[in-house]
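Record features, source Swiss-Prot:
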| type | residues | note |
| --- | --- | --- |
| DOMAIN | 19-245 | domain 'Radical SAM core' |
| BINDING | ARG28, ARG77, THR111, LYS171, ARG273, VAL274, ARG275 | GTP binding site |
| BINDING | CYS35, CYS39, CYS42 | [4Fe-4S] cluster 1 binding site |
| BINDING | TYR41, GLY81, SER135, MET205 | S-adenosyl-L-methionine binding site |
| BINDING | CYS268, CYS271, CYS285 | [4Fe-4S] cluster 2 binding site |
Amino acid sequence: MRNVQAQPLVSPTEPMIDPFGRAVTYLRVSVTDRCDFRCTYCMAEHMTFLPKKDLLTLEELDRLCSVFIEKGVRKLRLTGGEPLVRKNIMHLIGNLSRHLKSGALDELTLTTNGSQLARFAGELADCGVRRINVSLDTLNPEKFRTITRWGDLSRVLEGIDAAQKAGIHVKINAVALKDFNDAEIPELIRWAHGRGMDVTLIETMPMGEIEFDRTDQYLPLSQVRADLASQFTLADIPYRTGGPARYVTISETGGRLGFITPMTHNFCESCNRVRLTCTGMLYMCLGQNDDADLRKALRESESDEHLSQAIDEAISRKPKGHDFIIDREHNRPSVARHMSLTGG
């Protein structure tokens, strides 16, 4: 058999630093605004999606991600929409995995609704994906269909099974929704921890126009934590995954539970991430409208120098924090664009 020498490991690159001294080491990339679900807190039922001609090609996404990695990004998360509905997405993931093999990237991961996981779990594992987040707000099939408008819970559970069998660590992300799933959060935690999965609870965020009043859905996680503390023994721990969640352990289950609280206790002081949309717009903050058009810089020159300068200029504008509020008087989102465009 022919000997194949391993690729030399790349020396870590100094990260980009924003105006407030925070290192930018985490890039979230929305590869599509399309999704096979229509979760009520995320999308309008009759969404108008971007024309496909406006989307970056997979080759352009690869080039952009690679420049960010050269500039010190160590964690790359693919999001959507639903990333696994993007045509030929595994071609992109397979190409990006070269940065894992070289040592330039610590982690390549994705956030998914789980609907396509049974199909792609094996390929994802082969590409070096070791952890994924699966969005799952309820274990009740009828409520699941209601919140997603037409999703099939059994298909998602099959996908989770496939991912775990492929050796991928699954974390469950659940949006806490008042009078919808608040009573079943303890059951969801027990189920996930019983399968070796962490859980992260998320406050609903005021992004994009939807048919429902978000003030009716909003549930502060401080209240959820207090309710959980009456049933479980919670202990704060310093565990971090590179994201904004603050974690506790639950003695009764032995598992970890995270809280993402953009409304009641924001995570801006340690923000290490920026977001790239499928059209090449870079958002320095989830809760601000300031953006940078990297598609223009990408297509103006085959050289990456101009693109690198555009990224530097954008990072120099990264704000100190977001402006999320729940506008109870006017029922308006703080940010007009939908999460499916920015990348959840």
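The backbone N, Cα and C atoms fix where each Cβ goes, and this holds for glycine too.
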Radius 10 Å, atoms counted are CB only; among the binding-site residues SER135, MET205, CYS268, which position scores highest?
MET205
Cα-to-Cα gap, LYS171 (GTP binding site) vs CYS285 ([4Fe-4S] cluster 2 binding site), nearest whole Å:
24
How many neighbouring Cβ atoms, not counting its own, are there within 10 Å of the Cβ of GLY81 (S-adenosyl-L-methionine binding site)?
28
Taking the Cβ of TYR41 (S-adenosyl-L-methionine binding site) as the centre, how many other Cβ atoms fall within a 10 Å radius?
19
Measure from the Cβ of CYS42 ([4Fe-4S] cluster 1 binding site) and count the other Cβ atoms within 10 Å, all protein chains considered.
24
Over the domain 'Radical SAM core' (19-245), what does the predicted model average in pLDDT?
94
Rank aside, I only need the closest one: which of the binding-site residues CYS35, CYS39, CYS42, GLY81, SER135 has its C-alpha nearest to that of VAL274 (GTP binding site)?
GLY81
Should any of the binding-site residues ARG28, CYS35, CYS271 have a Cα within 10 Å of the Cα of GLY81 (S-adenosyl-L-methionine binding site), which are they?
CYS35
To the nearest whole angstrom, state the Cα distance for the pair ARG273 (GTP binding site) and MET205 (S-adenosyl-L-methionine binding site).
17
